[in-house]
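These features come from TrEMBL:
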COMPBIAS  66-79  compositional bias 'Low complexity'
DOMAIN    103-234  domain 'MATH'
DOMAIN    273-340  domain 'BTB'
REGION    29-86  region 'Disordered'
């Protein structure tokens, strides 16, 4: 173990190093927003092939990655077909070994980071998290704001700790740490070179993750509003599965389905367009068949011979050009590349055209980026467009940070314009603070002397 630690410490590729010391526990000054696995998306309409959106606060991605192929000396009738990864048959039988890998991400925001007064060697911990509600493995992040020891006193040290391993004796996992800048872009990423063995209470990480002087320098933009945001990606290695079978001369390798890409190109080139969307001075070509299949609003518009259907021109007045282009990109390809930057404008458009999946994707993106400054605006937006899941997340955030939210400009505007939302927040806060109801204790009566 000592040789392994020395090798990792000397590695120029930022390898992970173990940390076994039992350090005092401090609590994270978070903003009260619990980790969440993301919002439940409705099923995709069958015309477009949907690929999953980028992760928000936490997203589960379980994959089976083939890692080895071995020959077999026996064959069975009725065995499964050969996986396309193996290529043309070169033997009478085959075996494919698959390693199950569960990937998930976690975001830890530390507000007022400059007020951390931890001395060298002292530790700050995040709350615990897991890959999902049914996962028994519990993890947490831990940092030494002023380094682990004398050697790393000028650095911030960062580790991934296995808090509970459930019924397993050990866990093998890879991990990647990065910091989010003011634009919510990942920077200063460091990744473990291999899957390390974790046991309960064991952590792996980087003693010299980032220099403190570089971190606190405002020019580098790593502490917007004095907030340090750490992004962690964990890949847990699961069970190994062998898939064996008999080769078949009729094995055919199917090409990847490119339906979403092809429809996206159809939109970009404007080929065979039979409809024009007019937005201000811009004209966007589109296809009635695709819009009708994807949006009930467009379907009704073209089916009932409205003026737009007869003229093959639709004037869009309440959606700007950039937003409409992104809506069309989603309608054709099932993707929204600029979702995180445009979620607040895409949500009303998705609600207008009844694009349910896009609407929930916007809710998820906005919920993942809630702050004291924007939570009131998000709550108002959710109320206007019946975004139930975003409304619930925003309400929970306000309850967890009531005193700070009440001092924000957004709260004052909501008091004037949407007093019913303020009333709901007060009721929820009162219900949360109310003591449990019970029978009123009775005073013992004083009996006169006999």
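For all residues, glycine too, the Cβ spot is worked out from N, Cα and C.
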Helix, strand and coil residues within the domain 'MATH' (103-234) as assigned by DSSP: 17 helix, 65 strand, 50 coil
The domain 'BTB' (273-340), counted residue by residue under DSSP: helix, strand, coil: 35 helix, 13 strand, 20 coil
The domain 'MATH' (103-234) [mean pLDDT, rounded to integer]: 92
